[in-house]
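> Have a look at the structure that comes next, please.
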Amino acid sequence: MKGNLVKWLMLLCLTCYLTTTTISVSTPNSSMKKTYIVHMDKAELPETFTDHHQWYSTMVNSVADKLKTQDEATEEEDGEERIIYTYQTALHGFAATLSEAEARKLEGKNGVVAVHPETVYQLHTTRSPEFLGLHPEDSTSVWSESLSDHDVVVGVLDTGIWPESQSFNDTGLTPVPSHWKGICETGRGFTKLNCNRKIVGARVFYRGYEAATGKINEQDEYKSPRDQDGHGTHTAATVAGFPVRGANLLGYASGTARGMAPGARVAAYKVCWAGGCFSSDILSAVDQAVADGVNVLSISLGGGISSYYRDSLSIAAFGAMESGVFVSCSAGNGGPDPVSLTNVSPWITTVGASTMDRDFPATVKLGNRQILSGVSLYRGRMNLSLRKQYPLVYMGSNSSSPDPSSLCLEGTLNPKAVAGKIVICDRGISPRVQKGQVVKDAGGIGMILANTASSGEELVADCHLLPALSVGEIAGKAIKSYALRNSKPTATLAFLGTKLGVRPSPIVASFSSRGPNFLTLEILKPDVIAPGVNILAAWTGKAGPSGLPTDHRRVNFNILSGTSMSCPHVSGVAALLKARHPEWSPAAIKSALMTTAYVHDNTHNPLRDNSDAAPSTTFDHGAGHINPSRALDPGLVYDLGPQDYFEFLCTQMLTPPQLKAFSKSSNHSCRHALANPGDLNYPALSVVFPEHPSLSVLTLHRTVTNVGPPTSKYVSRVSPLKGVTVTVQPRTLQFTSKIQKLSYKITFTTKSRQPLPEFGGLVWSDGVYKVRSPIVVTWLVPI
């Protein structure tokens with residue numbers, strides 16, 4: 001946003017588009033078979049069937065093409081084989097291979113709620129506990145309870161787990177909680193002995209993946225819970241890793257690595273493979289995880305945005321929430337572009353990414369003696385002398401548009417031009433570390449990775465295979481200008497190790513996906529931000545730290561960045577809150593995280609956006625940066641139950657069949673308890689004035705639950721806004737008992753319609769507790 005009216009107008013056009021269209025993948029040939037998710041009304045089971053699977057098989061047979069030879073399987077066997085999964089806990093229905101024509105026929109069958117094509121999701125790829133104020137070894141800490149006090153199980157949907165990591169040591173843990181019903185599946189490289197009191201469950205889901213891509217090559221991939229990618233091990237360790245002293249990546253970030261909830265248990269659900277993560281597998285994992293007894297689900301992946309009733313993960317997460325499971329998902333890495341969020345359903349906690357106060361500085365010293373700063377995690381045999389200058393080359397031009405050579409794409413560098421030189425590469429198209437491999441293969445001795453306008457000044461450190469560092473856009477332009485204007489440009493690179501106490505921090509990561517949530521403007525997203533840049537955590541023993549096939553280094557810990565890393569921070573803190581407050585609902589836990597989040601950095605200034613160094617907004621950081629210690633004791637919470645969320649869906653103009661995907665066989669029905677979606681008892685406040693200026697007054701209603709001292713008096717305070725006057729009634733809330741609920745209404749009266757959204761906050765305070773809700777006021781513009 002930030003003053004760009006044209007962009008805001010474009011976004012308003014987009015919202016109209018999103019409310020009338022959905023995203024799906026069409027099949028070019030209606031006879032070709034692909035996987036479809038079929039949502040069913042379980043209560044419609046005909047009396048002639050003894051179980052649902054039999055019913056589903058017969059239903060598939062009834063729409064199947066009848067062109068079969070005598071050598072092919074019978075219709076009954078065919079229907080049985082074409083069903084990949086049956087869902088029966090978090091959602092009801094099945095996944096099956098169908099042609100487009102068969103899927104259309106199935107939509108008209110009795111009991112069928114919806115039929116959606118398979119969606120492919122992608123991964124959103126030790127200092128953080130201290131940065132977040134978690135000090136388990138400190139006897140004065142609010143988190144100092146013994147590890148055995150935690151019986152919370154966190155299900156991690158990812159690439160599996162590397163069980164040999166010391167982060168999954170179960171020393172000091174009591175026996176597996178009695179409520180846990182999960183198992184430890186076996187397979188190549190994974191036995192039941194790989195599970196323990198820390199890794200209490202491990203399962204694998206691949207039927208949807210194989211249906212789309214063919215059989216998994218078991219020589220190249222572990223068809224078992226074992227993680228060869230590393231992503232799943234990293235996220236699981238971030239959630240609940242056992243403290244490991246002396247952890248580091250090639251000497252960088254040395255210290256004690258531990259997860260957010262080191263006493264929590266981990267259940268690994270492997271749903272991601274070399275070719276991606278398929279929705280039928282993900283849904284089966286969610287369904288099974290809820291049946292197994294997880295308390296928290298951590299899902300660091302996303303697959304774009306579509307309407308609530310077409311988003312199968314949203315439907316499954318709704319079912320998990322109904323069972324009391326807290327669901328945390330990554331916001332995505334589509335920033336700094338606005339409207340780039342995924343996983344925006346209000347019953348999901350959507351997590352953006354921030355930096356920490358730790359950095360890995362490196363410098364470029366040019367032949368003209370100019371020194372520019374960057375970052376790097378390089379440590380290897382190839383080193384450049386600080387006393388010597390090396391030839392420098394940039395294969396691009398003065399044009400603002402990068403070309404294949406300047407991007408250092410595979411096969412684009414001429415060895416004669418780059419051999420023995422430091423090569424400047426523009427960021428984009430290919431992975432950052434892969435560019436270094438291209439330079440190395442062409443004979444280059446080093447690389448300077450320069451940000452372009454899309455990545456701005458944000459610096460993400462990488463474990464390169466040759467001496468290399470990353471610089472921001474401004475420094476990159478200066479280096480490229482020097483290289484192009486001098487006949488014999490030179491440079492050298494220096495790597496300065498680990499730096500702590502960086503100021504300002506935290507900062508909103510440039511890559512972190514942004515709001516607004518144009519699926520429903522009244523529901524603010526992301527919910528919170530958490531550390532997601534340069535996070536140290538456990539790693540697989542099967543891949544090098546760069547993740548490249550040519551990287552033969554092996555490390556016990558790796559440093560990664562992405563909202564994939566911020567999501568498990570919130571999942572782990574949610575596990576801590578669940579352990580301390582087992583009676584809290586998922587909504588209460590989310591509320592505690594949101595209303596105690598902070599919006600100022602360690603220099604006491606408003607949080608900044610790393611993409612442009614300007615102050616970030618609620619669309620960037622949500623309610624703010626998580627503050628675990630305050631979330632433990634928030635004073636008040638905004639609570640919600642399944643029926644409340646269903647009432648929200650009733651405001652979204654969904655048809656009865658579309659709503660059925662969420663109500664399933666339960667007693668949920670529209671009672672029209674909400675005047676508008678903004679009245680959902682959400683911890684954030686978003687008021688949307690329609691295009692017509694005649695409506696100038698809007699009121700939202702909220703109810704807070706006292707989880708602090710029995711007797712307390714809270715007074716409201718609202719930050720001033722240019723476009724509206726804001727009144728809160730009543731202005732004070734007087735509580736006389738714990739778990740008491742009191743309601744208030746907040747009215748917004750337009751003074752002058754603003755061209756861009758306005759941001760502020762409402763704080764309820766009793767002198768000890770400060771319960772903050774972000775406010776966004778939006779005036780829609782006539783199109």
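Yeah, the Cβs are placed from backbone N, Cα and C, and that goes for glycine too.
Feature annotation from TrEMBL assigns active site, charge relay system to Asp158, His231, Ser564. The annotation domain 'Inhibitor I9' is assigned in TrEMBL to 35-124. Feature annotation from TrEMBL assigns domain 'Peptidase S8/S53' to 150-608. TrEMBL lists 389-479 with the feature domain 'PA'. Residues or ranges marked as domain 'Subtilisin-like protease fibronectin type-III' in TrEMBL: 679-777. Taken from TrEMBL, the feature signal peptide covers 1-24.
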> To the nearest Å, how far is the Cα of His231 (active site, charge relay system) from the Cα of Asp158 (active site, charge relay system)?
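With the alpha carbons as reference points, the distance is 7 Å.
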> Of these active-site residues, Asp158, His231, Ser564, which scores lowest on Cβ atoms within 10 Å?
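Comparing Cβ neighbour counts within 10 Å for the active-site residues Asp158, His231, Ser564 gives His231.
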> From the Cα of Asp158 (active site, charge relay system) across to the Cα of Ser564 (active site, charge relay system), what is the distance in angstrom?
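On Cα coordinates alone, these residues lie 10 Å apart.
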